[in-house]
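Taken from TrEMBL, the feature domain 'HMA' applies to 23-89. What TrEMBL records for 135-152, 164-181, 335-355, 367-392, 677-696 is transmembrane segment.
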Amino acid sequence: MAINRDVRAHVEKSYPRSKETLRTSAFRIQGLDCPDCAIKLERNIAALKGVRSASLVFETAKLIVEHDENLVSSSTIIKAVKAAGYEATIEGAKAPAKARGHFWTTDKRAQAVLVSGFAFAMGGVVQLISGLSPIAIALYAVTILIAGYRPARSSLASLRSLVFDMNVLMTFAVVGAIILGEWVEGAAVMFLYAIGTLLEAYTMDKTRHAIHGLLEFAPNHALVKTGTETKLIPVEDLSVGDIIITKPGERIPVDGRVVYGRSSVNQSTITGESAPVTKDPGNDVYAGTLNHEGYIEIETTRLAADSTIARIIHLVEEAQAKKAPSQQFIAKFSAYYTPIVIATAFGVAIIPPLFGGSFVEWFYRALVLLVISCPCALVISTPVSIAAAIGAATRNGVLIKGGSHLESIGQIKSVVFDKTGTLTSGRLSVTDIVPLNGFSEADIVRVTAALESKSSHPLANAVVDYVKTLDVEVPKTDGFVSLPGRGLQADIDGTTYYVGNPRLFAEMKLLDAEVEPLTFAMQREGKTVFILGTDEKLLGLVAVADSVRKGAKETVARLRALGIANIIMLTGDNKETAEEISLNIGIDEYRADLLPEDKVTEIEKLSRKYGRVAMIGDGVNDAPAISRADVGIAMGAVGSDIALETSDIALMGDDLKSIPYTVDLSRRALKIIKQNVAVSIVTKIAFIALAVGGMATLWMAVFADTGISILVILNGMRLFSRNVEA
C-alpha cells in the first residue's frame with residue numbers, strides 16, 4: 001500500500017491535474033438581425049468544448065457564456081462567433097471605431113447591398129437591350145455572390161448544426177432558382193433578402209442603442225482632486241472616497257455625494273424629469289446627470305461599473321431576457337410552424353410530379369413555400385414591441401423589469417396607493433405641541449426627539465428636524481424598543497417614556513375623555529397626532545402634517561380615464577386623516593389604522609374582490625405589500641437598492657404621472673403586439689395559399705417576408721415616441 005501511495009504521489013506531482021477554471025464572460029454581438037439567427041448562434045457556442053452554458057438575448061444582442069478558461073478562451077469564443085458570420089466584442093471593451101459618415105457608405109453590409117444592387121440594375125439594363133445574354137447572367141451572378149455571401153456562410157454553419165433558419169432556406173431557394181435557369185428571380189430574391197435583413201439589423205441596432213446608449217451620458221474621465229492638485233483620470237480608475245470636481249455644464253461621471261458647493265442638476269437621464277434639482281452638501285448625485293450652474297466637489301460613493309445608470313441598464317437587459325407570455329406563445333407556435341411548412345414544401349415538390357405534374361413547376365412552387373416557411377416576422381413581432389416599450393419607459397424614468405410585468409400593468413383592474421411618501425410628499429412638519437399634566441413644551445420636544453432619533457419613520461424625521469431649529473439639548477436613552485404599528489419606548493434617567501399613536505395609549509388605558517376629542521379635532525384637519533407619556537400619565541401631544549404630492553389628484557383622474565375605477569389608499573394613519581387626504585385627492589376607498597401585515601391582507605382581499613391589483617409605495621416600508629400585489633411599483637427608487645430589487649416596476653423619480661403613463665404604454669404595446677402577430681400570420685397564410693396555387697413568385701415571397709419583418713419592427717418602434725405627459 002505504501003508503494004502505491006508513493007507512486008500516486010509521484011504521478012500527481014509530475015502530471016498535475018488541470019483545475020477547472022470556470023468564468024462567465026459577456027459579449028456584444030454585431031450583425032444579429034433575426035431571432036432564429038440568435039438561437040442558432042447560441043447553440044453553436046453552447047456546443048463548443050469547455051462551454052458550460054450559453055445564453056444569447058436577441059433583443060439586446062448580448063451573449064453570456066459560462067466556460068472553462070483552460071479549454072475555451074474568450075478569444076476562441078469570438079472566433080466561433082466570427083465563423084458564424086457575426087462580430088463580437090467583450091462586454092466593457094471598446095468596440096472597433098466606426099468610420100465616420102453615413103450608414104449606407106460606412107457599413108460593410110450596406111456597401112454589399114449597394115454594390116449588388118448596382119450589379120442587379122445593370123443586369124436588368126443589359127437584359128432589356130440584348131435579352132438574357134451571358135453578360136446579363138454574369139451580372140446577376142455577381143449580384144447573388146455579393147448579396148448572398150453572408151447568408152451562404154451562415155447557412156453552412158446552420159446546416160452543420162441541423163438548423164433550418166432563414167439563411168438556409170434562402171440559399172436553397174436561390175440555388176433552386178439557378179438550377180431552373182431563373183437567374184433574374186435568383187438575383188432578385190437574394191438582393192431583396194440582403195436589403196431586408198440589413199434594414200432589420202439597422203432598426204434593431206437602433207432599438208438596442210436606445211438602452212445601452214444611456215451609458216454614453218456618463219463621461220469617460222473625471223477630474224480628481226488630491227490636496228491642492230487636480231488630475232484627469234479614466235472613471236474606471238476611480239476609487240470610492242475619491243473627491244472629483246464637476247464644473248457648470250459638465251456631466252457628473254460617477255455616483256457620489258456633494259461635499260462642497262451648490263448647484264442644480266438635471267437628472268432626466270435617470271428619473272425622466274427635466275426640472276433641475278438643487279444639490280447641496282450631503283445630497284446624492286448620479287453618473288450621467290448634468291450639472292447646470294455651480295462648481296461642486298463630489299465624494300465618490302460607487303465605482304463606475306456599479307453606478308445607478310449602469311445598474312438600470314443591467315436590470316433592463318435582464319428584463320428583456322425574460323420572455324413575456326405572448327413571446328412564449330409565439331416561440332411555441334413557430335417551433336411547429338416551420339417544420340410543418342418545410343414538410344409541406346417537400347410534399348409539393350415530390351407528390352404532384354408522381355401523378356403527372358410538371359416537376360419544374362411544382363419544384364418552383366416548393367421553393368416559394370421554403371421562403372415563406374421562415375417565421376422571422378412572426379417571431380420578431382413581440383420582442384421588438386416589448387423592447388421598444390421597455391426602452392421608452394426607461395428613457396422616461398420608469399424601469400420595467402420584464403415583459404411579463406409590462407403586459408400585467410396594462411391588465412390591472414385596481415390600483416392601490418400607500419399614503420405617506422406616495423400620495424403625500426413624505427416631508428412632514430410639526431404643526432402643534434400641546435403640553436399635558438404640567439409637562440412643558442420644551443420638555444415634550446426634548447423627550448420626543450430623544451426617542452424619535454432612534455427611528456427611521458417619516459414622523460420621527462419631522463420631530464428631529466424640528467428640534468434642530470431650537471436651542472434644546474436632547475437627552476440620551478436606554479432600552480430602546482420599537483412597538484410596530486404603535487410607537488416607541490425608551491428609558492431616560494430611569495423613567496420609561498412612550499411615544500406613539502392614540503391606539504397605543506388606548507391600550508394602556510391612558511387616553512381620557514379630555515384628550516381624545518382634541519386628537520380627533522386635529523386629525524379632522526388632516527394632521528397626524530402622536531402622544532408622549534409614561535406608564536402612568538400623558539405628557540403631551542405632537543401633531544405633524546404632510547402635504548399632498550403635486551400631481552396626485554391629476555394622476556387619480558388619469559387612471560380613472562383609463563378605465564381603472566377601483567383606486568384605493570392604504571395607510572397606517574388614523575381614519576380621520578385618511579378620509580381628509582382621500583377626499584382632497586379624489587379617492588373614494590381607503591383603509592386606515594393598518595399595520596404592515598394588515599396591508600398584505602388588504603392586498604389579498606382586493607385581489608379577490610377586483611382581480612389584478614397594482615400596489616404603489618416606496619418599496620422599502622411597503623415591501624411585503626408590494627411583493628404580494630400582481631404588479632408591485634416602487635416610487636423614488638433612484639437612490640434605493642432595495643426598491644430596485646424588490647419591485648416589478650420602479651419609478652426612478654417622484655412623478656406620479658409616470659403611473660398612468662406606464663399603464664397606457666403597456667396597453668399600446670399589447671395592441672401593437674396583436675397587430676404585428678395578426679399581420680404576420682395572415683400574410684403567411686395568404687402566401688402559402690398563393691404559392692400552392694402557383695400565383696406567387698420567389699421574389700414576391702421574399703418581399704412579403706422581409707417587408708412584413710420590417711413593418712412589424714417599425715410598428716413596434718413607434719412605442720419609442722411615447723413620453724410622460726406634462
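Every residue, even glycine, has its Cβ placed from backbone N, Cα and C.
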Beyond the flanks of the transmembrane segment (335-355) by at least 6 residues, Cβ under 8 Å: 164, 169, 362-363, 365-367, 369-370, 372-375, 378, 684, 688, 692
Residues of the domain 'HMA' (23-89) by DSSP state, where helix covers H, G and I: 22 helix, 25 strand, 20 coil
Cβ-Cβ under 8 Å with the transmembrane segment (135-152): same-chain residues at least 6 beyond its ends: 85, 109, 112-113, 115-117, 119-120, 122-123, 126-127, 166-167, 170-171, 174, 178, 183-184, 186-187, 190-191, 193-194, 197
Overall pLDDT for the domain 'HMA' (23-89), taken as the rounded mean: 84
